[in-house]
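Lifted from TrEMBL, the feature list:
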- B:67-256: domain 'ABC transmembrane type-1' (DOMAIN)
- B:74-92: transmembrane segment (TRANSMEM)
- B:104-126: transmembrane segment (TRANSMEM)
- B:132-152: transmembrane segment (TRANSMEM)
- B:177-199: transmembrane segment (TRANSMEM)
- B:235-254: transmembrane segment (TRANSMEM)
Amino acid sequence: MVQALFLSFRSGLGNNLKFSGFRNYARLFEDLTFHSSVANVFIYLLFQVPIMLFSALILASILNQPDLKGKTVFRTLIFLPCATALVSSALIFKSFFSMDGIINFTLQNLHIISEPKNWLLDPIWSKVIIIIIITWRWTGYNTIFYMAGLQNIDTSVYEAARIDGASASQQFFKITLPLLRPVILLTTIMSTNGTLQLFDEVRTISPGTGFKSTITISQHIYNVSFTNVPQLGYAAALSYTILIMVAFLSFIQMKVGDKV
Amino acid sequence: MKIRVSRVFMYAFLVVVCFLAAFPYFWMVSAATNKSVEIIKGRLLFGTYLIENIKTLVATVTLGQIFWNSLRNAIAGTLASLIICSMAGYGFQIYRDKYKDRLIGILLLSMMVPFASIMVPLFRMFSQAKLINSTMGIILPSLSTAFLIFFFRQSSASFPMEIVQAARVDGVGEFGIYLRIYLPVMAPTLAAAAIVTFMNQWNQYLWPLIILQKQESRTMPLMLTGLTAGYVTDYGILMLAVTICTLPTLFIFVTQQRRFVAGILGSVK
């Protein structure tokens with residue numbers, strides 16, 4: 001079906017590569033923008049995915065408590081960010097952190113900073129902002145998956161544990177975490193893939209060809225293939241690199257997920 | 001007493017998280033009703049500038065056209081991919097032969113292929129097929145998503161096979177079984193899938209950015225980034241546009257949240 005068509009596109013790409021030989025791959029090693037894009041993506045990956053998944057897990061276990069009051073309201077509010085477009089959420093945060101934005105204004109009024117700071121151009125803060133945006137947008141989404149997983153755990157397991165005198169944290173680490181393993185694995189792989197493919201948010205934050213401190217691999221591929229002079233062969237080499245990275249990371253996660 | 005304290009802490013935590021989740025929304029809507037100058041000064045209350053902002057926005061972009069483009073693409077994409085993916089899910093659930101597992105494996109792999117690695121060849125194919133700037137061009141790559149097929153397959157894991165066999169004995173065709181037995185049983189899944197797909201279609205950015213090259217065929221997310229292209233950003237108008245772009249998905253999400261969660265619940269088993 002259509003899926004098979006997709007695969008044929010990919011082999012078409014392979015044929016294309018043969019003509020240019022390994023020149024494109026050699027170029028990867030000298031491409032400084034590519035290096036920073038890989039470094040950026042790994043920084044996002046390292047910080048954002050654990051923070052987000054851990055908070056989603058905590059939120060899900062709180063929301064799953066049967067005697068929680070106002071559950072519907074809390075749930076709706078926490079899931080709310082999933083409804084925005086990635087571009088919209090990036091724009092909202094971009095205006096928060098822009099030179100004449102509300103963050104600078106507030107900090108100046110509180111006399112924490114003396115003059116407006118250009119958050120989006122700062123090499124560290126710009127990454128932090130990207131991480132904030134993604135966490136804001138996706139934590140609720142992952143919470144849904146964890147809640148679904150939690151509801152499938154038999155409550156009698158917890159009752160038995162409570163009778164045996166297990167504390168809340170013991171229950172969380174000894175029962176909840178192991179039983180949720182498949183769902184945790186699923187969300188980890190989904191978020192890793194999502195982060196490796198990050199595009200909408202960074203491109204919105206930094207229009208055009210982008211800032212070095214935030215550029216991602218997808219954005220670099222887009223720039224190489226669709227802005228200025230298209231270099232499709234090189235873009236294909238970049239594409240294959242990201243493909244191999246995704247496959248490799250997913251493979252590691254599955255192996256680790258099986259063992260833990 | 002110890003339980004009390006942890007309860008209070010838990011509610012406080014939830015309130016903080018909810019505030020963090022909702023504040024950007026609140027800001028977005030309130031900014032849409034204010035003048036740009038006042039937003040910068042940190043005004044958070046609702047203003048009286050909404051009408052002015054709407055007038056300016058309509059004068060700047062062809063809002064109606066863009067909104068309609070987005071809506072048409074999203075609805076067409078959702079309908080088409082629901083039909084294809086539910087059929088595929090049905091096929092994977094009902095038919096059993098030796099190639100099935102291998103096919104599922106390929107499908108799983110295809111889920112991991114980043115879009116960035118296929119966009120170049122995809123674009124070349126689509127420009128040869130003259131699908132640039134068309135609805136068909138937008139929706140075609142996302143019609144058969146592995147995630148949706150899995151979603152349908154997982155949810156129908158407990159689908160009663162006896163009914164299918166009984167229907168076959170009664171002489172109902174395969175398509176009839178799919179249409180009259182499978183789909184009604186799968187209604188909750190269908191609803192959840194429709195919500196997710198519509199939101200994804202409405203919000204997609206990278207592929208439209210590549211394939212929509214004419215101003216007239218732009219969609220909402222493309223328009224949003226276009227609004228910030230100048231040196232001075234008018235936040236009032238920008239946030240009004242962001243609000244308009246968010247309204248359809250927000251409406252669907254808030255009204256259909258129960259179905260959405262129920263559908264996901266059914267699939268993660």
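Note that Cβ sites are derived from N, Cα and C of the backbone, with glycine treated the same way.
A TrEMBL annotation is a machine prediction, not a hand-curated record.
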Message: Using a Cβ cut-off under 8 Å, which residues of the same chain at least 6 positions beyond either end of the transmembrane segment (B:235-254) come close to it?
response: 25, 27-29, 31-36, 39-40, 49-50, 52-54, 56-57, 60-61, 63, 67, 70-71, 195, 198-199, 202-203, 220-221, 223-224, 227-228, 260
Message: Should anything in the same chain at least six residues away from the transmembrane segment (B:104-126) have a Cβ under 8 Å from its Cβ atoms, list it; otherwise answer none.
response: 92, 132, 137, 140-141, 146-147, 149-150, 206-207, 210-211
Contact set, same chain, for the transmembrane segment (B:132-152): CB under 8 Å, 6 or more residues outside the stretch: 72-73, 76-77, 80-82, 84-86, 88-90, 92-93, 107-108, 110-111, 122, 126, 186, 189, 192-193, 196-197, 200-201, 204, 207-208, 211-214, 217, 219, 267
